[in-house]
Amino acid sequence: MPTLDAPEERLRKFKYRGKDASARRQQRIAVSLELRKAKKDEQALKRRNITDVSLDPSDQQTKGVSLTLQEIISGVNASDPELCFQATQAARKMLSREKNPPLKLIVDAGLIPRLVELLKSSLHPRLQFEAAWALTNIASGASELTRAVVVGGAIQPLVELLSSPHMTVCEQAVWALGNIAGDGPEFRDNVIASDAIPHLLTLVSSSIPVPFLRNIAWTLSNLCRNKNPYPSDHAVKQMLPALFYLLGHPDREVLSDTCWALSYLTDGCDARIGQVVDTGVLPRLVELMSSSELNILTPSLRTVGNIVTGTDHQTQLALDAGILGVLPQLLTHPRPSIQKEAAWALSNVAAGPRQHIQRLIACGALPPLVAVLKNGEFKVQKEAVWTVANFTTGGSVEQLIQLVQAGVLEPLINLLTIPDNKMVIIILDVLFFILQAAEKISQKENMCLLIEGLGGLDRIEALQLHENHQVALTALNIIERHFSEEEETVTAFRARDQDHKFLKDLTNTYHCCTTPKPGPRP
């Protein structure tokens, strides 16, 4: 487990004060890697073509015929096209069972080379279709099964079938290639190297049936998927115009997979983000962030969240496209997963220059942000804490005062009791910077009184005895730097300046913005 920085080093990292927003955002991206790895990807890597046997039209022709595995092996290798077709179809049906399909059994029987050969039977499109379907389902299995399909030489014949005049054959080839590409970057790049992308793009048109277009969008998303390495720049440039076109399609599954594709392409360096942003997709993505369909909202929000991890210019383009008109609303979404993504996106906006922070204030993001700090699920609260942390490290004194006036202190102080040492240290750093900002306008004592009145001083003092050395030192630093006056001095100050406008305004703000403290969190 990596060790935490020494207090001085950690504080130095937080002392950007708006001078290096790019470095601050990169620090946030590095920390968010843990969050990214923990996220469950809602999009399927592979899909098996399952058929309800009772609804399969081919059953009417083969009713009563049930071939054994040995008969299938013999038939698939037969020279008689009709016998070969029946055996290949029987193999496909076995592989299309909803439960426990014998994928490995078929592979171990050595049928893949013959199935690949049958893909080239241009005079028998029904046979091509059944062979492609069987290979699709084998490739939907574990990586070793997908590898068997690739090693068996299936990619190039499948790519050639993308030009088949028979739509069912062509669509099944698209599906098979999608499963192969979805296995990982190695096979994805094999598919790309076989010139699959230009063939796929010729299929994208307004006349294509929607179910077919769904398969194309999903396969393209798998060609955009995976890092280490990313897909090549050339491949990305080929796909982006088609993705831009698909982003305007009304079908929700097409939209979902297209948004996922864009989320994969933006989950990387600034140059990758720039390629996507330059296509002009941002206005449409912002529009889709208001979708009531979770399978569209999630990847569109993820994509925008990725974009604002980029350069200040890229973030500016996202702001100009209207993301701040949607993100505050998403903090109140009924799904915590959406709240978390929205807070993460806001944290990266807050990691930018002060003009970005000002736009965050102007859009009304602070009240819902404070609300999730108070009452959100812990995973959402953590992202909200990061937003506040980035805000305080880059914001001006005036902006920090607005943050305090929004009621941020009470929930932050309440979170000092959470069993997450990293978060506690970040919150302590936030309080440190707020006190520093107050000191710059000669209002530190008032801020100290406000923190004390909210129970903050007691909690910070208690943290000096925390078992975690970093937490204890950070708390001690705040006490020594900002709360070291004698009690008599503080008491005299309170009596003398009870009606001080600054303290009065903040106190009134807290009366208006805060609610009774919630009970202990589970």
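Note that Cβ sites are derived from N, Cα and C of the backbone, with glycine treated the same way.
What Swiss-Prot lists as domain 'IBB' is 1-57. Along the domain 'IBB' (1-57), the predicted structure has mean pLDDT 49.
Residues annotated as repeat 'ARM 5' in Swiss-Prot: 270-309.
DSSP labels the residues of the repeat 'ARM 6' (312-351) in these numbers: 31 helix, 0 strand, 9 coil. Taken from Swiss-Prot, the feature repeat 'ARM 6' covers 312-351.
According to Swiss-Prot, the repeat 'ARM 7' annotation covers 354-393.
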| request: State the residues, same chain only, that lie 6 or more residues beyond the ends of the repeat 'ARM 6' (312-351) and have a CB under 8 A from a CB inside it; answer 'none' if no residue qualifies. | output: 21-22, 24-25, 28-29, 32, 35, 270, 273-274, 277, 282-283, 285-286, 289-290, 294, 297-298, 301-302, 304-305, 357, 359-360, 363-365, 368-369, 371-372, 376-377, 379-380, 383-384, 386-391, 394-395
